[in-house]
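According to TrEMBL, the protein carries these features:
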DOMAIN    A:165-356  domain 'ABC transmembrane type-1'
TRANSMEM  A:36-57  transmembrane segment
TRANSMEM  A:103-122  transmembrane segment
TRANSMEM  A:129-147  transmembrane segment
TRANSMEM  A:167-188  transmembrane segment
TRANSMEM  A:200-224  transmembrane segment
TRANSMEM  A:236-256  transmembrane segment
TRANSMEM  A:276-299  transmembrane segment
TRANSMEM  A:311-328  transmembrane segment
TRANSMEM  A:340-360  transmembrane segment
Amino acid sequence: MSMETYVKTRRHPALPPPGKATGLIGWMRRNLFSSAGNTITTLVCAAIIALTVPPFFNWAVLDAVWYASDGGLCRVEGAGACWAFVEAKFGQFIYGRYPAEEIWRPNLVLLLFFLNLAAVLTPRMPYKGWLAATLLFIFPMFAWGVLHGGKFGLSVVETSDWGGLLLTLVIALSGILASLPLGILLALGRRSKLPVIRTLSVLFIEFWRGVPLVTVLFMASVMLPLFLPEGVTFDLLLRAIIGVALFASAYMAEVVRGGLQAVPSGQYEAAKALGLSYWQMMGLIVLPQALRVVIPGIVNTFIGLFKDTTLVLIIGLFDFLGIIRANFTDANWASPNTAATGYVFAAFVFWMFCFAMSRYSLYMEKQLSQGERR
Amino acid sequence: MIKSWLSSVIGLSSAIGLSGDNALARSFQDPRIRGWLMQAAVLLLVALGIFELVQNTVLNLQKANIASGFGFLENPAGFAINFSLIEYSAQSDFLRAFFVGVLNTLLVAVLGIVLATLIGFSVGIARLSPNWLVARLAGLFIETLRNIPLLLQLFFWYFVVLQLLPSQAESLTPGGGIFLNNRGLFVPRILWEAGTFAPFCAALFASLVLAFFARKKFALEGWKVLAIAALPPLLLLLVLGWPLSLDMPVLEGFGFQGGISLIPEFIALLLALSIYTGAFVAENVRSGVQAVPKGQVEAAKALGLPSGLIMRKIILPQAMRVIVPPLTSQYLNLTKNSSLAVAIAYPDLVLVFANTALSQVGQAVEIIAMTMVVYLLISLGTSLFMNWYNARLALKERGVA
């Protein structure tokens, strides 16, 4: 074997440079076209977007009727969304049939409510306990007095005239405000060592969690009048609120129970060792810690309740969705696009409320876990 | 100073029973006795409340001249139901109408649960896809649909989307006897020759049981289990000379005859329920998958497993432990939400019984109670099953006998 060595005499041709790993191209290569399968998926998704987004955009923006005094333009062949319908009925969508000259009353109530709520929700607000107590106990009475009237020279506005977003907010908010104390009591009852109290709480909670809200509302509208003694009548709105509040309190109880279980048992033992009574232990030591933990859960329960209030239209109340649907029958605005426009508008409003609340709940979750993070 | 010290000594001694004062006051200091007293008081209050309610109800019913008891169940219902799994006509009694409603509720709930699970798992896994576009689309799907009320979505499907479907004469059809139009979905029905359906079911059940135990005993692969489950019934069919035929829907005059017809209300409800719940399930699946420790995925990659297999064999089995409890409550929610059927007139339990039958009979107490009991039983059954499934999935740890 000869002692030949292989020596390269020519330069090896340069390899192509590696694919761009930075910038837009690199990003697309990594995230959209990293493999054959990935490329196919990307193309399929792009096709779905191309097939759905432009027609929807055309319908909602380009072909839409923005200004009109009646539905004539919306009835034209090829017309898109009938936003003029929403514009014309906007007042009704928000306040229902609340008299136009009295609209400052719901406005005042909503403004004060959101101010009070914002104060309670702001981290590190002084006098938070008092503000929360006002919101829970004093505000509902004030709101009823102003909205319903009959006192202080305010004219009476029957609840059958309340409607739209106002009614949705009234039902959801009073439902949640009423269910909070009831839910806390039920959660305490469920974790109580007294067998009778525990059994009653479990039965109550599991009953309301096991039946659909529709049947609860039916029960509130047809059965509740039967339960009451002669001469006592509740109006339909109050009956619906009672049903919603009982229903929500069962869910609230389970949320609060989660918080109670999250409080370390050392806290209970320390409170007992200090000689605190049961209510002192719960009120001063356990509940303040437990409720802090479950704020996101309470917000989530409220989101669910807010969406579920739409069901009251089944028993004949005109909430936000109900009043929008009722307006579809207006012959002035009848068109093939009216219903779709109304539903899209309603969906947008509900989505905004719920999305904002769910983001707040995520934010609170982060805030609350800051102490535990090391 | 001395006085307060003295009084505290006296208090202490009376608490441990040294001084002989009033026995009643002493026993009230005992937390156990106090607990019992309080429970007795609560029980008394609840009993009084229930008594008051019952008394009011009885009085009110007498005043309104409404009968009570369940005798009405044997009377003819007198109304028609346009969608029923069992034989039903307007002459059938209320009990039969009740069962029609229960079965319709169960049908839409079971199909909805299956569809919602499929949608939820696909979207939830897509949400975590390395493909940016897929992940974003899945995120958009979840965030949009979770935040819009179900009732609104139901109306949208029923009054907007299904209204776009063509008339019966211009039905959409992919062939094979399947037609979709504004009167619903029409599919072929399988007809069995007389006396062959029961043996087939028996064979299917037997082979399913066999496959279940074989899988436990021999740790078989999926396709072998499937073969054990499917082959005997198929063989039986061959032996019997394939006693099956299809009843095709045919457009005759004003409507389709034959086959199975699914009314648009059913389709809208099924779509709305499964998509809405699917979005929630997707979020549960996402959090379950993310709860699996990263080391598991890295170890699987190091072993050279392809990504599909990693998902199926490594991630999902572990993620299921986190997913199943919230999945249970989603299934329960779907079942309860199926009662929204009343808003678009799908004849479920609430529409047939708590609405139509109630307005005919007027016995609100009995009818609402029966309706609620059905939902409570369904909820109970579903939670029992899912608890059993959850226990089966739970990590088997050492030292637990």
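Residue 1 is the first one shown; counting continues down the chain.
Here the Cβ of each residue, glycine as well, is placed from N, Cα and C on the backbone.
No curator has checked TrEMBL annotations; they are predicted automatically.
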When counting Cβ pairs under 8 Å to the transmembrane segment (A:236-256), the leader among A:129-147, A:200-224, A:276-299, A:311-328: A:200-224
Long-range neighbours of the transmembrane segment (A:311-328), counting only residues six or more past its ends (CB under 8 A): 85, 89, 92-93, 96-97, 163-165, 167-168, 171, 213-214, 217-218, 220-221, 236-237, 240, 244, 334, 338-339, 342-343, 345-346, 349-350
Contact yes or no, the transmembrane segment (A:167-188) and the transmembrane segment (A:340-360), 3+ Cβ pairs under 8 Å, gap 6+: no
